[in-house]
């Protein structure tokens, strides 16, 4: 009797291959430049590197070749490259380097799948941009704004650019939204030193900005909605065996031992003073784990390295970008974690490029055994805010 294929098996297979290629590329940039990467400055004053542009071109090229009717929403646009021919040439040269890095395309990305993905059978090699002009056009395919209807691939080619430039933790991210709902996630963590190859997966391994996989290529996490989360080692020519992540295997801690993951102190507009108050109200030390990349925070939560993430905006005018959360939340939830806004609602990914504070005010992500207590404590801390 033939097993029923999992939904979105082909999409996950291709997403993993594209993330693998983009992860190898970004890692090669770090190694060739000895972990000192220069950056351009975007209109919002955030940094962007040649690796961001090249990775987005590679991701969209691979996906668009197989799913030409799908839409894309990425963090970058090609506007700066069209204005700066020298910069565009640097990115193009990087894209040209990426194809040989991904020459081996028959990796073990679906060892535990119940079906044989047709994408691998029909396309033995990923499709890369064919010219500099093609590269620019592909990057600009990611400037879409619609996420509520149809199939939309949301991506952040390098989440955590500031720490990527220093050779620390960053993520290469893809998520397929269908009618505004996360269905497929694949997130590469090329610098993450995590043992995903042992016979028994060990959750709760330490994760730190400076704990970098110097010799290897990190790991990739993936999920299909309703079918669990998996982690694999990334190698130069393939992916390792996929191992399922089950956060039920992580023993509950005493409340005072909760690990709160936090952004770099003093460089976020979130109310970190109230984050600290939540932790200390529970008797926990703060901060616990400090990671700049938002998607790497979800990776750390999913791998059991930390227990709680709170995001408390100072008001409802603050928004967050969809590419900072799409995919990462699916990984954590499919592993057994819980993510809600401060009103207890699910995060709405059908809002376009921004997750607005009026629709989803703040966020809490936590292990299931402590979520309710953390939510209660957050409300108690917020109740102390001065009334306007």
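The backbone N, Cα and C atoms fix where each Cβ goes, and this holds for glycine too.
Per TrEMBL, the features are:
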BINDING   75, 156, 159, 324  Mg(2+) binding site
(Q) Please give me the CB contact count at 10 A for residue 156 (Mg(2+) binding site), counting all chains in the structure. (A) 33
Q) Near the Cβ of residue 324 (Mg(2+) binding site), how many other Cβ atoms are there if near means within 10 Å? A) 22
Q. Taking the centroid of the Cβ atoms of 75, 156, 159, 324 (Mg(2+) site), which other same-chain residues have Cβ within 8 Å of it?
A. 155, 157, 158, 171, 173, 294, 295, 321, 323
